[in-house]
Amino acid sequence: MKPARLLLLLSGCALLLAPAVRCCGPGRVVGSRRRPPRKLIPLAYKQFSPNVPEKTLGASGRYEGKIARNSERFKELTPNYNPDIIFKDEENTGADRLMTQRCKDRLNSLAISVMNQWPGVKLRVTEGWDEDGHHSEESLHYEGRAVDITTSDRDRNKYGMLARLAVEAGFDWVYYESKAHIHCSVKSEHSAAAKTGGCFPGRALATLENGARTPLWALRPGQRVLAMDGAGRPTYSDFLAFLDKEPRALTAFHVIETRQPPRRLALTPTHLLFVADNASAPAAQFRPTFASHVQPGHFVLVAVGSGGLQPAEVVGVRGRTDVGAYAPLTRHGTLVVDDVVASCFALVREQQLAQMAFWPLRLYHSLLGGPGVQGDGVHWYSGLLYRLGRMLLPPDSFHPLGAPRAES
């Protein structure tokens, strides 16, 4: 059997067997411990998330121009007839139902969350696409990229949590703008940042076994880099390949800043980072968390001294754009980047599942070695796993930015 076909067969088996293996235990794989659902914290009045201006690449991106019914870009808008959403439609034109596909997907996801959070209550849209000029100049409502929302019972005590649910549903910017509604917006359909997977900037630094530091873009298969093992201990792990490599891509990153000691890590919103709620948690119990969910007050693991690991409190989260995006894969599935411990994986929330799914690729590299030169773009095996995952895993296993689109 050809190696590529064998690898394809093994990858399918790994994904099919993963749910059963995840039930076995106890295990010492990072992220394997069962944990209660993460507590959702409502947004405060006038708070917005992420904590950057709406029309920056770290949020929904720049304004691209008003869309009119007779313009070429009108075909970018699609109607939303989801029966679980109430549209106010005070203009009686159906305009509030029109939005970009990205906005529609996020809104449909939010509608499910609202019904789960408050049985008998539905999501209500008071404003969607605006063709009448009722909003401020360069409002994303003019492009169908923004909605103003409430709950169907108009209970203002729910609006802070509604805003948090909108963040969780994958809106690129959420603002508790008014006591009468929540404002949500998304990136443009053309935005490269809207399609970003899980990566780090190419100039971010990894630590080699000899103590030298090297930019991620310069990593070569076979080099050993500082990482973390399943017991939460520092180790040096073989670098195998890039799961994604985009040297020229303009990419939106989340920048996580810590103090005591001060560290700064840039990574894409869908990437996994190991997080705890307090500094006393053992390293092995830090949970895999999407970068977009990391908040000030959380603790991450950082490298100190001669390779030791310790917790550091997150004091700031902001957006930044950079050229180049790289997603290294190591044998342990973790990597220390700019002295912060991160996962090699993104899009899927379970570190253990991702590590198991990449077992055939690790075996392939052990037996046959990797290619000398890797081309740009998404690694074929990573793309294959994502397609298999979409068929086999429930949508809520994915980060909202990478979840399969709803069909309503």
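Glycine is no exception: its Cβ is also placed from the backbone N, Cα and C atoms.
Per Swiss-Prot, the feature Ca(2+) 1 binding site maps to Glu90, Glu91, Asp96, Thr126, Glu127. According to Swiss-Prot, the Ca(2+) 2 binding site annotation covers Glu91, Glu127, Asp130, Asp132. According to Swiss-Prot, the Zn(2+) binding site annotation covers His141, Asp148, His183. What Swiss-Prot lists as N-palmitoyl cysteine is Cys24. Positions annotated as cholesterol glycine ester by Swiss-Prot: Gly198. Annotated signal peptide per Swiss-Prot: 1-23, in sequence order, evidence recorded as sequence analysis. Annotated site 'Involved in cholesterol transfer' per Swiss-Prot: Asp244, in sequence order, evidence recorded as similarity to another entry.
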Query raised in the report: Any idea what DSSP makes of Asp130 (Ca(2+) 2 binding site), helix, strand or coil?
Result: coil
**Report entry** When distances run from the Cα of Glu91 (Ca(2+) 1 binding site) to each of the recorded positions Asp132, His141, Asp148, His183, Asp244, the nearest one
**Finding:** Asp132
**Report entry** Cβ-based neighbourhood (8 Å from the centroid) of the Ca(2+) 2 site, residues Glu91, Glu127, Asp130, Asp132 excluded
**Finding:** Glu90, Ala95, Asp96, Gly128, Trp129, Glu131, His134, His135, His141
Query raised in the report: Expressed to the nearest Å, what is the distance separating His183 (Zn(2+) binding site) and Thr126 (Ca(2+) 1 binding site) at their Cα atoms?
Result: 10
Query raised in the report: So which other residues, same chain and not among Glu90, Glu91, Asp96, Thr126, Glu127, have a Cβ within 8 Å of the centroid of the Cβ atoms at the Ca(2+) 1 site?
Result: Phe87, Lys88, Asp89, Ala95, Val125, Gly128
Report task. Among the recorded positions Glu90, Thr126, Asp130, Asp244, report those whose Cα falls within 10 Å of that of Asp148 (Zn(2+) binding site); none is a fine answer. Result -> Thr126
Query raised in the report: Can you list, in sequence order, the residues of the same chain other than His141, Asp148, His183 whose CB lies within 8 Å of the CB centroid of the Zn(2+) site?
Result: Thr126, Glu127, Gly128, His135, Ser139, Leu140, Ala146, Val147, Glu177, His181, Cys184, Ser185
Query - For Asp132 (Ca(2+) 2 binding site): intrachain residues, at least 6 apart, with Cβ closer than 8 Å - result: Glu91
Query raised in the report: Which of the listed recorded positions (Glu90, Glu91, Glu127, Asp244) has the least company, meaning the fewest other Cβ atoms within 10 Å of its Cβ?
Result: Glu90
Query - Structural state of Asp96 (Ca(2+) 1 binding site), classified by DSSP into three states - result: helix
